[in-house]
Structures are given as structure tokens and as C-alpha cells.
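Heads up: the structure comes next, in C-alpha cells.
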Amino acid sequence: MPELPLEPEENVDPRSDCPVCKKAVRADSPTYPFCCARCRTIDLGRWLDEDYVISRPIEQSDLDEE
Ligand SMILES: [Zn+2]
């Protein structure tokens, strides 16, 4: 049996893994690429958190506060 070459993830099949919980998600899912609305909300929250961290560099005063 010949070995199949690894394809880029986008082209494997019309499914994807939920970025939050890694469950397989169908491309025709209403919440694609997330498995459910809850994961979509979680991912959005992560992005907002990340943006907040990046846009505000850590300063010495932050380290002293706690
Ligand atoms: Zn999920």
C-alpha cells in the first residue's frame, strides 16, 4: 500500500478541528470553524484578551502592584 503524502490541513477534507476544544467540525456547520457557539465565544474572548495584552506593554509598576 503506497504512502499518501501529507496534504496541507486546509485541503484534507471539508472538516476542521475546533480551535478551542479540537473536536472535528463540519464545514457546513453554522458555527464553523467552531463546533458550537460556546467555543466561538471562548475564542473571541481569547482574541480580546490577547489584543489587550499586546496593546499594553508590561511596565515595572505592574510588577510592583501585587
Ligand atoms: Zn469546540
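Cβ from N, Cα, C; glycine included.
Model, not experiment: these values are computed from the prediction.
Taken from TrEMBL, the feature Zn(2+) binding site covers C18, C21, C35, C39.
Positions of TrEMBL features highlighted on the structure.
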residue: C18; record: Zn(2+) binding site; CB count, 10 Å: 20
residue: C21; record: Zn(2+) binding site; CB count, 10 Å: 13
residue: C35; record: Zn(2+) binding site; CB count, 10 Å: 21
residue: C39; record: Zn(2+) binding site; CB count, 10 Å: 19
Compute the centroid of the Cβ atoms of C18, C21, C35, C39, then list the same-chain residues not in that set whose Cβ lies within 8 Å of it, in sequence order, for the Zn(2+) site. D17, P19, V20, K22, K23, V25, F34, C36, R38
Tell me the coarse DSSP state (helix, strand, coil) of C35 (Zn(2+) binding site). coil
